[in-house]
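Trainee: Got a structure for you, questions after.
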Amino acid sequence: MKQPATMKWSASISFLLLLNFAEPRVLHTNEFGIESTLDSSQCPTEKNMFNVATIVVAQFVQDATKAEVNKMSSDALAAMKENTGDGCLENQLSVFLDEICHETELSNKYGFSGCCNQSGVERHQCLLARKKTAPDSVPPFHFPETAESCPAYEENRAMSINTFIYDVSKRNPFLYAPTILYLAAQYDKAVPACCKADNMEECFQTKRASMAKELREGSMLNEHVCAVIRKFGSRNLQAVLIIKLSQKFPKANITEIRKLALDVAHIHEQCCHGNAMECLQDGESVMTHMCSQQEILSSKTAECCKLPTIELGYCIIHAENGDKPEGLTLNPSEFLGDRNFAQFSSEEKLLFMASFLHEYSRNHPNLPVSVILKTAKSYQEILEKCSQSETPSKCQDNMEEELQKHIQESQALAKQSCNLYQKLGPYYLQNLFLIGYTRKAPQLTSAELIDLTGKMVSIASTCCQLSEEKRSACGEGLADIYIGHLCLRHEANPVNSGINHCCSSSYSNRRLCITSFLRDETYVPPPFSEDKFIFHKDLCQAQGRALQTMKQELLINLVKQKPEMTEEQHAAVTADFSGLLEKCCKDQDQEACFAKEGPKLISKTREALGV
């Protein structure tokens, strides 16, 4: 079954588009001494070095011009070669940061001299903290126009592609380097094909739309993963990866899964730290390892492993989950056996829970990550409690029922959301979400609330197309990303204590916490302002989405004035507003009609709502 596009990118949360470099230099182990598969001592190839350097510099110095980025990139590569003779350094990123800070004129010009006055980890963290998605100083990204693309590409293909990489990187500072190079490869295919097409403009339009979607979704996903790592740490990331890898490769044993989880976690961390070279090098190594271990991992990646490196990672990520081994079952109440959980050391408990995550995940390939994390937490709590009981086996009698509660809650939410989507349609479902989220976070602007709830509706439109068994994982995966971005918004500009609690307490419980958080009880509505409820004839000219947005802004302002507004009151106000539109838009002097009838509607609404 072909997955919808949005389903695909939500599934990618635990992987990368890993491609385009030779094998890495560093052998690393985790806290239990589990060895990495990243054990080669080879150095990076020359292939794409300048493009990768462009990514690093443009993402750290987003305001820099193309010429400035070119100079810093060239100087950094020259320094690497001068220091080693072959460009192979243990810490390549530090060379780039040295070069960025060496340009004192630029550090003063773009306001990061304070970071450059620091050293080591502090300097790195300071520069990372300056990264901003869509900063005001950088205009929005637009794919090159048709008239520009063909002559520029024909004149200098390499420069055309590098300019594309620069433009994407500076506007998407959290987008992983492999993803940027993958998009650049798509651009490299699209331009010559469209320049020769009979309908050039239509060809470019189609290609641009597809690439823009991948760019937008990839950037959001990568920023989300980096924020989760920063907030909840490496151990949380490894737990997520054990789940996803166990679902994808159910034949693999726990030792192989732990190694892969360690390596993929390391890659995510390097990508998030802006270390594009190691991100790429280690990425290819992991994909190469996966292809060499198909017998113990999955045969579903066989066709992927025939592809060029540039396409290999994308293909493996989106390949179907492997087939479950015959006879694979799990009885949680018997998994511990006759061992005493209370006598385990902290390290033994972590390893045991990793094994449980592995077994539970490969037995439940369609469950959401968050549900499995919550199930594992409940399982551990039951083991802790029952290990203190005089009759441990009897204490565990209701274990299966307790663990099922998390699955049932998620599936019930998916069913309820899909039923509402089918009953109300996207516009009225969004209005329902708008009322709910305005009550939760009235401090958000109308534009932010409309954007967030629009994304929530897109979850239903995407996931409700799937079979029932896949809806929950699809919905929870996308909700995790969108709620994650609400938490990023809170991090940048605090919303309220309720949102803070949900964003800070538990990664696996964020969605449920936000769902259960009904209203910000600390919110005090502002004094009523008629300026927010002035109507003009432009309402009559507005059509489609523009008219819907105007109505939704009115709805948001009403809820901010009266958070406890009932459904009946909302329906009455909506009917009155529709009546105003119908009356005044038919009037010969529309503006005069709105000036006369608008205040009457406002007075009636204020009286009905008691504001």
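From the backbone N, Cα and C atoms, a Cβ is placed for every residue, glycine too.
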Trainee: According to Swiss-Prot, which candidate among C271, C272 shares a disulfide with C279?
Mentor: C271
Trainee: Could you check what DSSP calls C464 (disulfide bond) once collapsed to helix, strand or coil?
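Mentor: Coil, per DSSP.
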Trainee: If we check Cα distances from C226 (disulfide bond), which of the disulfide-bonded residues C271, C315, C464 wins as closest?
Mentor: C271
Trainee: Whole-number Å distance between the CA of C304 (disulfide bond) and the CA of C513 (disulfide bond)?
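Mentor: Here the two Cα atoms lie 39 Å apart.
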Trainee: Going by C-alpha positions, which of the disulfide-bonded residues (C272, C487, C513) is nearest C418 (disulfide bond)?
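Mentor: Ranked by Cα distance from C418 (disulfide bond), first place goes to C513.
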